[in-house]
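Could you have a look at this structure, given as structure tokens, before my questions?
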């Protein structure tokens with residue numbers, strides 16, 4: 001019934017198995033990949049014919065985590081998986097980025113890659129396995145895929161690279177880097193680092209590339225056993241048409257790509273395109289060509305002209321040389337009621353970034369396969385259509401926005417203060433108000449400034465820069481601070497963020513083979529120069545975190561109570577803590593280890609809440625004097641509330657110095673009195689005294705008398 005083929009290798013000290021022919025046999029390609037006890041199923045289906053009216057590769061990638069993989073049932077009312085989580089979206093993009101450039105030019109058939117996590121062993125993150133399985137399924141599917149690719153995660157622990165560190169090892173690593181590529185070339189890098197230098201980062205990339213070679217060979221071995229015949233894609237030679245169109249509009253197109261202002265440049269390019277379309281599609285005549293074909297050739301010519309100009313003259317679209325960063329204006333405190341804000345403008349790219357400080361109530365609970373955890377740092381990136389002068393639908397967060405937000409998050413996360421030192425929940429929102437390339441890196445710069453404006457003590461200011469590369473044979477040009485057009489028309493774009501000490505985040509996307517380690521080294525060195533320049537420009541606005549929090553930011557005080565007192569502070573059904581919050585106006589969070597966080601924008605509110613909590617969680621001190629309130633009058637004495645929720649008895653004999661006939665002669669309910677804690681009786685009841693305390697001054701009369709007697713005896 002089954003025609004099963006499999007390959008198994010030892011990879012990083014754990015078995016990696018790739019199997020096909022047993023599950024999902026109606027898909028064009030299906031591979032079950034197992035690493036340790038983590039198992040994923042990757043499937044590929046490609047439509048039989050090209051999609052009409054598209055001039056791009058219609059590829060979709062969906063990575064799906066099933067909770068049964070970790071032996072759990074989903075939360076929520078419906079008890080089933082819902083919309084994609086942030087991690088599912090990020091891993092889907094992680095798979096898409098290295099495989100997309102490897103499809104043969106001209107492939108227009110809808111292609112869908114679905115990766116499902118079937119089992120998670122809590123040691124091996126499924127994302128690397130998902131990349132490997134996707135590559136294998138594509139290689140088997142018959143789709144025109146110029147793979148296979150391999151992938152690996154690289155850690156850096158105790159000054160050594162670690163291949164595919166386990167989830168436990170990731171706690172101690174200074175680096176979390178994912179690298180993917182073919183046997184000959186690196187295609188994609190995604191990373192977060194703790195201020196590591198360029199040599200360590202590049203070394204990690206090459207380490208990962210070397211160590212996923214066995215995976216590439218294993219996929220080739222599996223393909224030799226089970227791959228379908230590759231589908232043919234008709235390759236059309238457009239050289240004659242290119243030459244013809246170039247002769248028609250070359251001067252106009254070259255002139256257009258010398259206009260520095262984006263909107264003016266687009267208008268000039270649009271006129272050149274109209275001229276081409278009018279030439280090939282005259283009114284009233286039968287067209288000789290398909291419109292998409294002519295538009296595609298025109299697009300190719302745009303790329304070639306920009307590339308020729310840069311390589312031949314050293315000048316870019318806006319007149320800069322390859323190393324110059326656009327003009328930068330950085331401002332802080334631009335919004336009066338925000339806790340922290342910054343407006344970062346670099347050329348025609350602008351980000352309005354706002355920081356909000358919250359409390360433990362604002363932490364985000366994240367439900368993942370490896371368990372539920374709380375996230376105290378959130379960074380959200382929004383890219384409205386007006387930022388590029390267009391109209392568009394406003395709706396849910398798009399994949400690109402999630403990806404760019406996470407890239408900026410990775411850049412800032414390593415420089416945040418430890419949560420126990422700065423116990424706030426931080427939310428940073430980057431609103432892209434203008435965009436012409438590098439908006440994610442503008443978000444990094446703006447986030448750093450907005451956090452410091454809010455008084456968050458970052459280790460060091462952080463900046464980001466987007467770089468590009470153009471390669472033609474032996475000639476290449478590395479471009480600093482790329483424009484949007486340079487991003488689309490280049491062979492490599494990579495984004496580097498970090499401090500003056502080192503890199504905190506690196507993302508690379510390489511579209512062609514032939515980019516060597518030496519070229520990458522040059523590019524990273526140039527990126528460092530650009531980053532240091534940007535940090536200098538940012539320092540004109542703010543060099544360090546403000547000494548005080550913003551006027552409207554909450555203040556948080558942290559202290560500890562004994563864990564066996566937590567129940568008393570919370571009370572039955574939360575009654576006590578609710579009363580504290582309602583009457584003081586402060587927010588209170590208590591962790592399982594007894595850490596108490598009290599937050600409010602009003603200092604007196606915090607003091608009142610802390611005093612209340614400590615009165616419950618602490619024990620009263622023997623012989624100490626307390627302010628109290630009479631809560632009940634009895635024949636034998638009065639009960640006084642004197643220490644938080646604690647009551648004690650003032651016996652009738654302890655009410656006043658003389659003989660007291662009736663308790664009500666001295667006190668009544670609601671009276672404010674001063675009492676001294678005498679001790680506890682045999683049943684543990686609290687004994688108090690009023691007569692040994694001066695009810696006006698609160699002075700201890702008993703101690704005063706003893707002191708006087710001692711002085712007399714000394715005489």
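The count begins at 1 with the first shown residue.
Backbone N, Cα and C atoms are what each Cβ position is placed from, and that goes for glycine too.
The shown structure was predicted, so the numbers you read here are calculated from the model rather than taken from an experiment.
Copying in the features that Swiss-Prot gives for the protein in this structure:
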- 487, 493: Mg(2+) binding site (BINDING)
- 554-613: domain 'KH' (DOMAIN)
- 623-691: domain 'S1 motif' (DOMAIN)
- 696-715: region 'Disordered' (REGION)
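For each listed feature, how buried is it and what is near it?
Under a cutoff of 8 A between CB atoms, and with a sequence separation of 6+ in the same chain, the neighbours of residue 493 (Mg(2+) binding site) are 466, 467, 468, 469, 482, 487, 508, 509.
Across the domain 'KH' (554-613), mean pLDDT in this model comes to 90.
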In the domain 'KH' (554-613), how many residues does DSSP assign to helix, to strand and to coil?
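Split into helix, strand and coil, the domain 'KH' (554-613) gives 32 helix, 16 strand, 12 coil.
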